[in-house]
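Have a look at the structure below before the remarks.
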Amino acid sequence: MTVRKNQAALTADEKRRFVAAVLELKRNGRYDEFVRTHNEFIMSDTRTGRRGGPGHRLPLPFLPWHRRFLLDFEQALQSVDSSVALPYWDWSTDRTVRASLWAPDFLGGTGRSSDGRVMDGPFAASTGNWPVNVRVDGRTFLRRSLGTGVRELPTRAEVDSVLSMATYDMAPYNSASDGFRNHLEGWRGVNLHNRVHVWVGGQMATGVSPNDPVFWLHHAYNRQLWAEWQRRHPGAGYVPTGGTPDVVDLNDTMKPWNDVRPADLLTHTAHYTFDV
């Protein structure tokens, strides 16, 4: 069984193996396929805040969709090195630019002030190993501006305030909704998930956010929070369950796979566990 660990607890060898597997996926072209898929199916409508993609019903089921997306990526990593698991970044604890994940032996740090170019670590442009091929502009290098777009990452108190919400979601099931899903996604309230994307900056603040490997650690933590919410609220079911216009319901299939439903992805226990 795969165990997803807090990145702060990774050994030097676990970091090295994770980075090596990510770089191999980049080298063989599979990594950019994930970036392309995300850019196609997770796009923000600046007028409504809803997310979706060409030919996809809106809004897309944020938590189940990303659970499958991360499972596919984790399996791709394990096809390179079976010992690798996706680590998660608890940004409510590791909240500064000095956190261990930004070290040169792991993800590298923030970008330079002139253009955001990441200058250290294995994904810096100077290594020649990380060209940004799926992009929203002409810049071909990884960019970050840690703590510039928004000053503070979410606190544990803010996380707990969202975990305390007893309802998973409610109509109209979009960026205007109340409930756990929308507050975790970050369209309302303390803006958890979305705020982290903006805090990192660079490609993380765009539809091609998987260009930054921290994307996977961020979303792995979102899945951990979903699992924690489910433990706190065992009687709260997933909604919407059916017959909802312009929404992917519980038993609807999700693109791009077309063979998996939110109902198939409500629990992680068949696929992995967490170290907490």
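Using the three backbone atoms N, Cα and C, a Cβ is placed for every residue, glycine included.
According to Swiss-Prot, the feature Cu cation A binding site maps to H38, H56, H66, an assignment based on similarity to another entry. Sequence annotations record features per position, and here Swiss-Prot assigns Cu cation B binding site to H193, H197, H219.
Here the CA atom of H66 (Cu cation A binding site) lies 8 Å from the CA atom of H219 (Cu cation B binding site). Same-chain residues that are not part of H193, H197, H219 yet have a Cβ within 8 Å of the Cβ center of the Cu cation B site turn out to be G186, N194, V196, S209, F215, H218, N222. Counting Cβ atoms from all protein chains shown, H66 (Cu cation A binding site) has 21 others lying within 10 Å of its own Cβ.
A distance of 15 Å separates the Cα atom of H197 (Cu cation B binding site) from that of H66 (Cu cation A binding site). Reported as a whole number, the C-alpha separation between H66 (Cu cation A binding site) and H193 (Cu cation B binding site) equals 12 Å. Shown in sequence order, F69, G207, V208, S209, P210 are the residues of the chain, 6+ apart in sequence, with a C-beta less than 8 angstroms from the C-beta of H38 (Cu cation A binding site). All protein chains included, H197 (Cu cation B binding site) registers 22 other Cβ atoms within 10 Å of its own Cβ.
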